Amino acid sequence: MIIIVTGTPGVGKTIASKKLSEALNLNYLSLSQFVIENKLYTEYDELRQSYIIDEDKVKEELEKIISTSHLVIETIYPSLVSTADLVVVLRKNPFSLYNELKGRGWADIKVAENVEAEILGVISQEAREAFKDKVCEVDTTEMSTEQILNKILNKQCDGPIEWLVDTKVQRFLEELDKIISSYENDI
């Protein structure tokens, strides 16, 4: 059994994935840690304080593990995983997510890009394109880890979630675009 838990940074992937793996007695794999530990990246992006992954190498190495394991895989890149029985996309209200990421001390550009990705549903769309009806979206806003875990275990999906129906979110997206645009010379 392969379960992918995905979503933008700050939505609760790590703790939910670990709890899910414990509840189902499956191994846990953080794809980010896997990439770093196995040097499956091409460079380090100083501006975003992130590694640029080598997608081909990641897919190749991941395939070796998937073929012999039962896993909960935590990742922001669901399409790098070749197969899954369930794909859980954790979502979070963009305003709440912004506060979460700012609280981590992240650079403004990194916060803005990740919140923009959440608003636009980038990871959700990627998951749906790769895994179609195996996707379950869960809104983690103001939920405890236990509540999130129960929703996943009971496949109580909230999605598809569309943040852009809210005019406040639309205006927020415009502000995020301004932040991102201010970094254009650095990108």
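The backbone N, Cα and C atoms fix where each Cβ goes, glycine too.
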Among 30-53, 78-101, Swiss-Prot lists region 'NMP' at 30-53
Range annotated region 'LID' in Swiss-Prot (choices 15-25, 103-113, 147-157, 169-179) is 103-113
Residues sitting within 8 A of the centre of the G10, G12, K13, T14, I15, R104 CB atoms (ATP site), not counting those, run P9, V11, A16, E100
All chains considered, the count of other Cβ atoms within 10 Å of the Cβ of I15 (ATP binding site) is 12
Mean pLDDT across the region 'NMP' (30-53) comes out at 93
Among G10, G12, K13, T14, I15, R104, the record's ATP-binding residues, the widest C-alpha separation in angstrom comes to 16
G12 (ATP binding site), Cβ-centred 10 Å count of other Cβ atoms over all protein chains shown, is 22
